[in-house]
């Protein structure tokens with residue numbers, strides 16, 4: 001698999017490419033399946049439909065890897081929290097975790113068992129996916145998941161989580177430990193079901209200053225990575241802590257690939273981390289609105305990475321109103337243009 005070879009820094013005939021949120025609303029085929037499922041959460045829980053939308057970007061765009069269709073918040077949902085997706089508001093947990101009593105009611109074992117629909121999605125997808133295409137599993141990072149559990153949903157200020165961090169750090173650590181323990185087993189079950197690589201998304205890493213993030217954020221990512229690599233050394237692990245360009249020199253661990261977000265200069269990331277890790281990313285997602293902008297972005301990134309120790313991706317998820325034709329153009333452009341650098 002070209003994607004797996006690239007994750008381990010091996011030579012490839014061209015730079016492999018996939019996109020975060022590639023199974024998503026920009027595809028009419030995805031919207032048809034989502035409408036048939038009824039709502040987003042129902043789609044996540046219907047393994048046949050979830051597998052169908054997982055495969056769509058491979059069939060329609062020609063990406064080099066599929067990423068299983070799910071959501072990072074199914075873990076706290078199946079631990080025992082009540083989750084709703086409200087139109088215009090996003091995910092909402094009706095009873096946030098603000099006391100030890102509420103945390104004690106959440107079950108790691110229950111979550112790992114109840115997430116069987118995710119494992120079924122993986123098994124079915126791996127059966128249908130071409131043997132030369134990788135299937136990526138994923139989870140949210142403990143910090144990002146914990147913010148939703150504490151805040152009760154999306155937030156711009158993280159004031160409840162941050163108050164807890166400084167006022168009651170022991171309790172925040174207790175939440176993070178429990179979430180991390182669930183994620184260890186969750187990723188392990190994904191691997192047993194057939195994923196070829198895993199990615200850990202820390203979407204809200206930038207909410208914390210350096211020292212706080214290293215203690216409450218990245219240390220738990222590394223605990224998760226250490227567990228997976230100790231059990232499954234041949235499974236590549238990708239980390240994606242968004243928005244921490246100010247302290248990349250403080251980042252290290254046993255992961256294989258570091259995901260670079262679009263706000264981080266790729267040349268700086270290469271100079272800081274490129275000798276230790278394969279880099280993934282990092283084209284600005286809005287470039288996909290224009291084929292000229294796609295050309296410029298692809299050329300710039302390829303000139304920096306030169307076809308080595310690199311997986312092409314966007315620097316965040318593809319946006320819902322990107323024309324499918326432009327997404328196809330992006331994928332084909334990377335695959336064709338990168339070949340000359342990989343000789």
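From the backbone N, Cα and C atoms, a Cβ is placed for every residue, glycine too.
For the recorded site, residue 23 (substrate binding site), the DSSP three-state label reads coil. The feature substrate binding site is assigned by Swiss-Prot to 21, 22, 23, 24, 25, 71, 148, 203, 316, with sequence analysis given as support.
Secondary structure at residue 71 (site 'Transition state stabilizer'), as computed by DSSP, is coil. Shown in sequence order, 40, 41, 44, 91 are the residues of the chain, 6+ apart in sequence, with a C-beta less than 8 angstroms from the C-beta of residue 71 (site 'Transition state stabilizer'). Residues or ranges marked as site 'Transition state stabilizer' in Swiss-Prot: 71.
Cβ contacts within 10 Å of residue 316 (substrate binding site), excluding its own Cβ and spanning all protein chains shown: 23. According to its DSSP assignment, residue 148 (substrate binding site) is helical.
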